[in-house]
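S.K.: So that we are looking at the same thing, I have put the structure below in structure tokens.
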């Protein structure tokens, strides 16, 4: 009895097919996706499909196919593209999603809905916005060097993360901030330069709710901007002008590398008025200071004070930009909701955020200065 | 000697150890629901529902003492023979049959929810019968070894729970404690309403009543094991709830029915890029262990009621029943929901109300027996 | 028949006796004799010897169907005869110890030889002759003398081919059971070492010995083994593998339920742990029961290494179990179902490797696994130099050509080769074969429903291992039933002085294997520890197997 049962089951399994089989060799991989605003509310989807041919020894040769189509939704576009290629393409390994600036200025959630809904999609992908350009340009860029565009962009973004320029949030981590009221987010901006041969990281684009505001924190300021958010990559270097000697410009500058940063945010409720203080305590190492003379007594403390003042000033600048864009990247609103729920209920945070007072206080302490004084 | 030789011919009468009892309870409770517990709880009391979970756990704790009280009055009986003794044959028999139906119902629900989950997350085109068939046959083979084999197996497979915990811990690197606040936003009313959902996730403790007499040790030790198992499960749930509540924002969680999996989908390891697939594969084993328990319980009931056949034949009968019912219901979302409601509400009767009724009845019965004897 | 008589006559002529009576007697009765033999069953009953020499000789000759190698020497002018199998007995011995003294008239001396034995039973004589004894009979005497003059041709105990060790003893069992028992006895010099003989096989009469330590081994298990051996009723038993199938619990399982070894040190160690060994004449392989799954992963070398290395090696071996069983299945599931689990860095190389392969991966895998098995099977029985050639031709040439031709992806070659290597890591040949067999169902499951299939397959295997028992002992101990104490010699190999208790799965009657042995380490506390050493080794866990 038992034996027949087992035999029957086994043969049943053999008889039937493999319902969900998706042979990897029959799939066209898409590693980077681009979306742009098209005409009449349509979107333009651009994909780059690498195809590799096998070599008996060593790496195979690689060729890229760039396809672009316009449709009403991303999945419709996918269907259209499928009709252009011999096999079907699969976005399960998408590494970067690039949005055109025009599209990003509208609600970006509908574009990403498929990514969130499909169990196979890669929520680990990076999101980036193209500044003054279209995603199509970026994806079909004829860049120098042999790497794929997906590698190029993700490498660029990863480098930005490790040097404390960008948050490195992937699709899923953005999702919470996309949906939750009281938290906004910023997305890395890319810019094409050198006649389409070079791609640069040009700062962090500030989003309000689900749309790009058009405002950005420039690449120069992003390190401090990240530190203010309490995040630090592998290295965080700040180059600032602290002196004004007049003769040699280069002697006025100092570069420090942040060893430890400690950000504290204090939210006070003064009769319904929200006042925020952001304290940023940093311990830094001097890594570049051409004017030397650090052995002079009190010199280090002096530099520390100058730096603190300089950075506080810049922080004020950054925060005013953020408030101007009405992009609550610090999650102040969510904190107000969490810790002062009664205030939150009475406020319309969209209206309120640009008006509240946010006071940054940066304190720098120099702990090392390399192997020379 | 301290180590008396084992009786080879009396394998089946060997009793479970305390540790095996513990893991049988734990593995029965942690099953198909673990992926969606945070979502279910969140649907009522939002970010405060972890309080509901704790309150629910305390309520169940009281009930467990009741169950223990009932079971210790009948040191040689399973639930089914107990029914006969407590309510006489005329009430006890039908009651046992209802219990068996309930267990079969829960088993079927497990199969359905499991197949639906696999269909949503991993294999969208694979038909239901393949999943149901695999699960039912593997579990039939498992249960065929007897309770002792189940105990041994569950104990060993519990290493996987540690593994699941590690995976969840891995994903806690992106937590925002802030999301748990403001506390008590929804108010105590909602929190109490949430206890309801919390109790759902604990169903399965009834197994301790059924197999109580098949465990070695004093009554006190057994109570300790039951309580420990219960709090272990509570902690496990609490941990997953915290992990997913702090990972997802309050407005995102209602969109994600399986937050634990979704959370893992975000991260990648150097060797395996998608941890959620890994997690769901291990979770399959946890589902198998809970289904196997219900298969065991219902076949045990049948063989206790109709002494004519051995339990192994009943296992096959129950297996075929579960398989046919689940094929009949199919993967239709609304049908599964209806079935789910029927089973969970009958859970109120069979797992909550009836054991509570049994407490005084068993006490009286015992008193009467004693009086009769002396 | 004529040939036989010519032969016998020739032999008789050699002995300088009057052989007339015999020859005549045989000739007259040859047809009658043949008839009687057809009708007479091979009996084990007693048959008293007659006073008449000729009758006795006739009976014996009949019993052996006039076998040509049975030699008869007529002595004392026909009043006595010496019988022996020239194929079994040693000529030198017979000549020096028996023949010469009898011829010289010192008959009494011969009977006082230490190897002489008297009997009246002709059936016993038949049996002893088969054992290589020589028989001396005299006219008018009922007593028959037997002399043990067996010649044996045996290998010298040398290291078994498939269980080599780097450090430690380099001897192994041989085909002679006495030598084997000798090797064990020398290692376990204790009076509790008990050996029980059995005769198995109605036609082969193979000597089988059950060896155990009385007082350590569980008497229930010993008895169970004896019962199962007794109920074995077969014409032929030629090797322990043969016996194994008769007495094991489940022969429908791919897993071996008794440990095979040719190493005396391994047998000795297992005996002291409380297990039982079964040896058979004519085979160097010894069976050890009850066995558990993890015993097959222990090698004698582990105990000769430092314990760190021993542990490391053991972990490698257990890891190899997982690779051997699941790797091809995992690979197939990945490339035909879940390619999203491939890390970003690998996705393009993997894609490049399998892009233009004609066949689906499941077919690729099955073909490659079968090719590996072919190469292995072809090389295994060939002499070493040819075997190597096969390996090189098969492994290198075919492997390379098959990839170049684009029939199989190079990743698949890597996967299958790795699997094959991993399956050979297991110290036991039986288990290694079992593992390679288990790969196939898993490959098919993985090719049908991907990861979920592998999980179900593995779950099935684990359930099977948990349900399996070897002589009443759970096969998957110490994992199921879990016994944390016994993990000391399973996943890790702790220092020897920490293995205070015998493994529970052996069901030893005495659990304590050693008393504190490193007390010299804390000489200051010596007195205290001496007082405490009596009762601190009680077994602590309460697992179900001990009940």
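Here the Cβ of each residue, glycine as well, is placed from N, Cα and C on the backbone.
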S.K.: Pick from B:153-171, B:172-190: which range does TrEMBL record as transmembrane segment?
M.R.: B:153-171
S.K.: Take the transmembrane segment (B:277-302) and find every residue of the same chain, 6 or more past its ends, with a Cβ under 8 Å from one of its Cβ atoms.
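M.R.: Residues packing against the transmembrane segment (B:277-302) from afar: 24, 27-32, 34-35, 78-80, 96, 99-100, 103-104, 106-107, 110-111, 114, 117-118, 121-122, 135-136, 138-140, 142-143, 147, 150, 153-154, 157, 160-161, 163-164, 167, 204, 207, 210, 260-261, 264, 311, 314-315, 317-319, 322.
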S.K.: Between the transmembrane segment (B:95-122) and the stretches B:153-171, B:191-213, B:343-364, work out which stretch tops the count of Cβ pairs under 8 Å.
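M.R.: That would be B:343-364.
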S.K.: Might you confirm whether the transmembrane segment (B:314-331) is in contact with the transmembrane segment (B:191-213), defined here as three or more C-beta pairs under 8 A between residues 6 or more apart in sequence?
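M.R.: Counting Cβ pairs under 8 Å (6 or more apart in sequence), the transmembrane segment (B:191-213) does not reach the transmembrane segment (B:314-331), since there are fewer than 3.
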S.K.: If you count every Cβ pair below 8 Å, which range out of B:128-148, B:153-171, B:225-248, B:314-331 shares the most with the transmembrane segment (B:21-39)?
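M.R.: The stretch with the most close Cβ contacts to the transmembrane segment (B:21-39) is B:225-248.
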S.K.: Could you check whether the transmembrane segment (B:314-331) packs against the transmembrane segment (B:128-148) - three or more CB pairs closer than 8 Å, residues at least 6 apart in sequence?
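M.R.: These two segments touch.
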S.K.: For the transmembrane segment (B:225-248), what are the same-chain contacts with Cβ under 8 Å, counting residues 6+ beyond its ends?
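M.R.: Distal contacts: 18, 21-23, 25-26, 29-30, 34, 37-39, 41-42, 47, 49-50, 53-54, 57, 60-61, 64, 67-68, 161, 165, 168-169, 171-172, 174-177, 179-180, 201-202, 205, 208, 215, 217, 256, 259-260, 262-263.
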